[in-house]
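Listed in TrEMBL for this protein:
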BINDING   16-27, L56, E77, 121-122, R139  S-adenosyl-L-methionine binding site
Amino acid sequence: SDAGSQKERVVTEEEWLQKWEMGNIGFHKEQRHPLLQKYLDVLLNGRSGLRIFFPLCGKAVEMKWLADMGHSVVGVEVSEQAVKEFFSEHSLPYCEEPVPEISGAKLFQSTSGNISLYCCSIYDLSSLIVGKVDGVWDRGALVAVNPRDRQRYASLMISLVEKNSSYLLVTVSYDPNKHKGPPFYVPESEIKSLFG
Ligand code: SAH
């Protein structure tokens, strides 16, 4: 469980944009994630009408699924192409507006109002801008964050969640000396120290 060889690795925002442009998006799945279906009850905890946050959302199909259940979804994604593909692939009309607090950022909202995707870096967000959320689906997010930025990412996530919210986190376990990532290997001990 030594993540040493990945510690220094950096994937820039530009490289992520290029992955989207090249269609190099093996992380995107057309089917809903089985673990979200399995642990949906844990996420909802008997509550309805939640605000659910998707950090580093890509065009995750689960956003549509949760919105159709009556929840509102907030996501953040650096690639505008990804955000636009999400709305067009689900035939969802949307509007787009600047975010005054963040230069260059845009907010894409479904016309029905229950899906709000911020197109910017997650590190530009704060609870003053997005408000608080009741639940988090973190798949392909913590594991996509550059290892050196994990502490900053976790602190931000903690600042965005309401008390009594549920945070579902998916990680992958493998020998970090054999693959360079992403997804990066995040040891269990580090998850504990990041999130407590
Ligand atoms: N969670 C999604 C996508 C995972 S891939 C899914 O389950 O399918 C990680 C995504 O994060 C990519 O789409 C990438 O463009 C985006 N990303 C990378 N760095 C980011 C950052 N700093 N802020 C916002 N999005 C980022």
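Cβ atoms are placed via backbone N, Cα and C, with glycine included.
Structural mapping of features recorded in TrEMBL.
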residue : record                               : DSSP class
W16     : S-adenosyl-L-methionine binding site : helix
M22     : S-adenosyl-L-methionine binding site : helix
L56     : S-adenosyl-L-methionine binding site : coil
I122    : S-adenosyl-L-methionine binding site : helix
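Close contacts with ligand 1, defined as a Cβ under 6 Å from any of its atoms, occur at W16, L56 among the binding-site residues W16, K19, M22, I25, L56. With the fewest other C-beta atoms within 10 Å around its C-beta, M22 stands out among the binding-site residues M22, I25, L56, I122. The binding-site residues under consideration are W16, K19. Their Cβ neighbour counts within 10 Å are lowest for K19.
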